[in-house]
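What TrEMBL lists as Mg(2+) binding site is Asp9, Asp11, Asp178. The annotation active site, nucleophile is assigned in TrEMBL to Asp9. The active site, proton donor annotation in TrEMBL covers Asp11. The substrate binding site annotation in TrEMBL covers Asp20, Asp95.
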Amino acid sequence: MAGIVVVFDFDKTIIECDSDNWVVDELGATDLFNQLLPTMPWNSLMDTMMKELRSQGKTIEDTAEVLKRIPIHPRVVPAIKAAHALGCDLRILSDANLFFIETILKHLGLEEYFSEINTNPSYVDEEGSLRISPYCDFTNSPHGCSLCPPNMCKSVILERIQTSVSTEGKKRLIYLGDGSGDYCPSLKLKEGDFVMPRKNFPLFDLICKNPLLIKAGIHEWTDGEELEQILLNLINSISIEENAQFLSADCKLQTISVEALPQALPVQQ
Ligand SMILES: [Mg+2]
Ligand SMILES: [Zn+2]
């Protein structure tokens with residue numbers, strides 16, 4: 001293992017658009033969505049919209065079919081597969097919902113590549129309507145973060161990932177995102193980590209206002225091609241750096257088991 005954890009936002013990072021907007025638009029409910037948006041939180045609105053679409057006769061299969069047509073840059077799937085082949089632990093941290101994400105990942109043949117999907121839970125109810133719940137129970141246990149929407153503060157999840165990976169000996173994080181919800185977790189990244197904000201999207205603009213608040217290295221990207229190049233370069237440079245550190249500590253080598261040796265590059269078959 002490369003000892004690197006890569007955390008991906010989903011909407012406008014892995015896929016090109018916002019999956020919630022895509023489903024609403026493709027199933028013909030944009031006007032109602034826009035009308036209700038000022039009246040409730042986004043996450044609650046999506047639950048309402050899915051119930052409304054069901055009452056108009058749309059099935060869960062209709063939703064799945066629409067999700068399978070979602071635009072994605074052709075270099076994103078190869079980038080994810082290459083990062084996985086280099087030994088990275090890949091995770092998703094998204095404010096979409098589990099049904100949307102799992103349907104798309106399965107369609108792209110990517111469901112085995114991620115060790116975790118952290119997102120809003122969803123299920124199909126007895127009427128056949130997709131129900132979407134908030135990740136965080138904001139009435140009984142609010143997350144208390146003023147930067148984030150009530151249903152999800154991505155920092156809560158990122159900090160849990162940071163704690164768990166430090167006990168597994170994986171030290172470096174790379175975070176990819178585009179939205180304002182990705183700013184809060186970017187502030188929690190540490191020196192030696194990297195943040196990859198999508199250029200000219202809200203996360204990038206927020207970071208640019210005061211880059212000194214970010215302890216991680218900042219590497220912006222514009223499209224899937226740059227995402228692939230920059231991500232793989234970062235993974236390789238971290239691996240080389242960690243190998244060099246490891247070899248320079250050669251006096252300690254005899255006490256470390258072979259299993260603990262970092263593998264910087266994949267074995268070519
Ligand atoms: Mg996003
Ligand atoms: Zn937050």
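Every residue gets a Cβ built from N, Cα and C, even glycine.
For ligand 1, the binding-site residues lying close by, meaning a CB under 6 A from one of its atoms, are Asp11, Asp178; the full candidate list was Asp11, Asp20, Asp95, Asp178.
All protein chains included, Asp95 (substrate binding site) registers 25 other Cβ atoms within 10 Å of its own Cβ. Those residues of the chain, other than Asp9, Asp11, Asp178, with a C-beta within 8 angstroms of the mean position of the Mg(2+) site C-beta atoms are Phe10, Lys12, Thr13, Ile14, Asp18, Ser94, Gly177, Gly179, Asp182, Arg198, Phe201. Asp20 (substrate binding site) falls within a helix when secondary structure is assigned with DSSP. Around the Cβ of Asp178 (Mg(2+) binding site), the number of neighbouring Cβ atoms within 10 Å comes to 22.
Over all protein chains present, the Cβ of Asp20 (substrate binding site) has 21 other Cβ atoms lying within 10 Å.
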